[in-house]
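Visitor: Can you keep this structure in mind? I'll have questions shortly.
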Amino acid sequence: MAWQGLATEFLQVPAVTRTYTVACVLTTAAVLELLSPFQLYFNPHLVFRKFQVWRLITNFLFFGPLGFSFFFNMLFVFRYCRMLEEGSFRGRTADFVFMFLFGGVLMTLLGLLGSLFFLGQALTAMLVYVWSRRSPGVRVNFFGLLTFQAPFLPWALMGFSMLLGNSILVDLLGIAVGHVYYFLEDVFPNQPGGKRLLLTPSFLKLLLDAPEEDPNYLPLPEEQPGPLQQ
């Protein structure tokens, strides 16, 4: 019964959060039994010369072996991805997926300059950054140790990541990409002469978003509420 309750609860998690979290967990499980991290990391030579294109995705899914660092990252991925999807992206699944794609492409390009091999932690930092900037009045309790306003959370996360022995370059990359997205999506369009530059492709909206009702649509008489006509 407990497992059924957990399964029911998990199925209520929004689709993008659920899919990404499961993909990360399954990738780590596969590394324990079937794969090597050397088959997953981002390597431009192997991607573009050997056509191992899966590396463009798998480097965002592997957070290291099972341990405190892995569970720490999974906690933040699940929590802040879900809060974004249920909050500012509610009913806008296509826009949320497009944010992932935009962040992933930009991180990959910048990762080439820094010789970064795994970018899942950077993607986590981006999610946390975007949520924190859209929730400036929220007070965050950081593991019961510190309490501060949400915009300080990405920096606290980076400091804690550094204590775990991770490279802060990855967190800085995620924060930078998150800021670029936030500026282009939330700041620049509201400036004099500004406009939205990040436009979600129509095919994503058709694929992922529920169709909008036409406000001028008039239902047929048999579809209108009221007593049945004989």
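Using N, Cα and C of the backbone, Cβ positions are placed for all residues, glycine too.
Straight from TrEMBL, here's the annotation block:
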- 20-41: transmembrane segment (TRANSMEM)
- 53-76: transmembrane segment (TRANSMEM)
- 96-119: transmembrane segment (TRANSMEM)
- 140-157: transmembrane segment (TRANSMEM)
Visitor: At a C-beta cut-off of under 8 Å, are there same-chain residues at least 6 beyond the transmembrane segment (20-41) that contact it? List them, or none.
Guide: 13, 55, 58-59, 61-66, 70, 74, 77-78, 81, 100, 117-118, 120
Visitor: Same-chain Cβ contacts of the transmembrane segment (96-119) under 8 Å, 6 or more residues past its ends?
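Guide: Counting only partners 6 or more residues beyond its ends, the transmembrane segment (96-119) has Cβ contacts under 8 Å with 16, 20, 37, 40-44, 56, 59-60, 62-64, 84-85, 89, 126, 130, 169-170, 173-174, 176-178, 180-181, 185, 198, 200-201, 204, 208.
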Visitor: State the residues, same chain only, that lie 6 or more residues beyond the ends of the transmembrane segment (53-76) and have a CB under 8 A from a CB inside it; answer 'none' if no residue qualifies.
Guide: 21, 23-25, 27-28, 31-32, 37, 39-43, 46-47, 104, 108, 117-121, 123-124, 127-128, 157, 160, 164-166
